[in-house]
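Q: One structure is given below, represented as structure tokens, and several questions about it will come after.
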Amino acid sequence: MASFSCSSNVSVALLISVCVSASIIASAGNFYQDFDITWGDGRARILNNGELLTLSLDKASGSGFQSKNEYLFGKIEMQLKLVPGNSAGTVTAYYLRSEGSAWDEIDLEFLGNLSGDPYILHTNVFSLGKGDREQQFYLWFDPTADFHTYSILWNPQRIIFSVDGTPIREFENLESMGVPFPKNQPMRIQSSLWNADDWATRGGLVKTDWSQAPFTASYRNFIADACIRSSGVSSVCNSNSPAANNNNAWLSEELDSTAQERLKWVQRNYMIYNYCSDTKRFPQGLPPECAANNSS
């Protein structure tokens, strides 16, 4: 079985030597090739010769899928079009997650709402089974009217969540301060559409209107520049990005000054919850990363 080991001070040069370059496919991913439908009894469908995937939810069940590959660091992109209309009570989750009881996870969840009210984009980072690092945002567009690109950059130094190329959150590697950071466990891409009306909309006050079912979310244009777990070797850096000739630049990618300003713009105008501001939740003091990275 393949294994991974990356020290907290792993250098990009060392990681590149571990993630040996592989053949580069200059095309977007194909859902037949890259993903397995994992549950839903026919409610998840791959269409258009593998270019489109849809998940649906009705009163009996939701549905979900996961990647065939496991990744250890990468830049993952997917275009989503969320459940339109009255989506209250529904959650569309799109995330990276490892196996086991001490799992790592990088989480995007889209919390549905009543018609005309905005979706909430819920983000979280888990290390060794512990999360409690939630930040929530409104979006500056209608995510149900068209497809939009949601990306996760995960390298040894940081995790960056972006929407249509605009960064909304950065979680830095602060292991030097004792803050766990996902770096040793390979993760699969997973997604699901499910009923969570006990908490998803206004804390569970607004329930799912099943007369609107089935609810449907759509996915397309999956792209992964990533180190892929391969049997017998530590990992292989691969890419199915059209702009793949970047020498795995994501391994050391960081936010430049322009991106930092865009991040601040989003957090100033669209962030609606930040665990680093929730002093009532942490009466013994905020987590150490909050002061270190200025609540990012």
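In case you wondered, yes, glycine gets a Cβ from its N, Cα and C as well.
Copying in the features that TrEMBL gives for the protein in this structure:
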SIGNAL    1-28  signal peptide
DOMAIN    25-219  domain 'GH16'
ACT_SITE  E105  active site, nucleophile
ACT_SITE  E109  active site, proton donor
CARBOHYD  N113  N-linked glycosylation site
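Help me picture where these features are in the structure shown.
A: E105 (active site, nucleophile) is surrounded by 18 other CB atoms, counting those within 10 A of its CB over all protein chains shown.
Of all Cβ atoms in the protein chains displayed, 19 besides its own lie within 10 Å of the Cβ of E109 (active site, proton donor).
The Cβ neighbour count for N113 (N-linked glycosylation site), using a 10 Å radius over every protein chain in view, is 20.
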Q: In this predicted model, what is the average pLDDT of the domain 'GH16' (25-219)?
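A: That stretch averages a pLDDT of 94.
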Q: Express the distance between the Cα positions of N113 (N-linked glycosylation site) and E105 (active site, nucleophile) as a whole number of Å.
A: 25
